[in-house]
Amino acid sequence: MQHISDSPTRLSQPYNNVVSFHFHRNLEIQRLHDISNSIRNSYIWVVFALGFPGNIFSVITILTMQNVTPATFFISVLALCDGCALTVKLIGHQLLTHEVYFGHVGCKFLFFPVFLSMLANWILVMICAERFVSVCFPLQKSIIFTKKRSYACALALTLILLVLTGGLYGVMRGADDSGLNCGTLDEYYSFWINGWYWINMLVVLFIPFVSIVVLTGLFIRGLFQARRQRRRVLLNGRDKQENNVRLVAEVERMERTITVMLILAAVVFLVLSLPSCIYIVAVPRSMDPLTRARWKVFDKIQYVLIDSTHAVNFFLYFLSLKRFRNQFFYILTCKRRSRRRRISRNNDTNNSLDTTKYTLNKSDENVSHL
């Protein structure tokens, strides 16, 4: 009898282990889904609160620092694109969260977040290209990157990306019968999954990513070469040794500032974009529920990071550029700025500029485009 009474207990033990395993597994899946939903519902507000005012301040500060140059123009356009991208993403997030009626027309206009993200990333590529040409081809820079060509380049880039994204969304996207959910029309579904998905990733992420890596590397290499050549030229001749040393030191100080800003912006973009590249390449097609829930959390994290690229530039400029900080504080304290301008105007009237100082100031204008 003892043997018979113990038998059910021994037979039910594996069953209890299986039940316990699936119970804890389902709890973990639910916990991961809750984390994903929490990130999705809250992150855009934080990114928008930090990024939108920063981009507005960036545009105002940069455009009031000096006359518009190709570099300041591209940086201002980047800040404008970043601010618009955050605004559009926040609006789209709220419309989807509150299940607002889209209809076919509304679904076709959902290309704006993709378009603005593409444009912002490619403007950053143009900034890296402008810096590369300024350092490696200084004599041709005034021909390659004129104001008109910079404006035309930005306009052409905007139109190309607008036609690409707007055209595809206008033809292929639509709403279901309820008008609340957007999707791809049946006849274009295969291309959307297998073709447009990779085209989108290449244009918005992979090509800008690789371009920024290559241009930043070439920029740093050209910077060191230009520094060695400048030192050989300017530091020859004992009679002008002291003035040339001061001139070289001033030019290199300004170049260090520009270099730090560019490298910092490029590195931050690459770091924030890398998880998206990993997710696109590494995510498996078929997954069990637990693995799918883990990748879903990673998916939300990479969205947070890639959207943060639209919010960090103001803080990078503020940390790396002293002139940007000074101008920003001048804008916040207008009276102090006006008083300093009056003092500076009086000093200019009563005192003449030293020749060496004039030379250094002209060098500052030629080297620093920020």
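Using the three backbone atoms N, Cα and C, a Cβ is placed for every residue, glycine included.
Just so you know, TrEMBL annotations are computer predictions that nobody has curated.
The following features are taken from TrEMBL:
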| type | residues | note |
| --- | --- | --- |
| TRANSMEM | 43-64 | transmembrane segment |
| DOMAIN | 54-317 | domain 'G-protein coupled receptors family 1 profile' |
| TRANSMEM | 111-129 | transmembrane segment |
| TRANSMEM | 150-171 | transmembrane segment |
| TRANSMEM | 196-224 | transmembrane segment |
| TRANSMEM | 260-281 | transmembrane segment |
| TRANSMEM | 301-319 | transmembrane segment |
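For the transmembrane segment (196-224), the partner stretch with the highest count of Cβ pairs under 8 angstroms, out of 43-64, 260-281, 301-319, is 260-281. Listed as Cβ neighbours of the transmembrane segment (43-64) (distance under 8 Å, sequence separation of 6 or more from its ends, same chain) are residues 72, 75-76, 79-80, 82-83, 86-87, 89-90, 93, 300, 303-304, 307-308, 310-315, 317, 324, 327-328, 331, 370.
Per-residue pLDDT, averaged along the domain 'G-protein coupled receptors family 1 profile' (54-317), amounts to 83 for this model.
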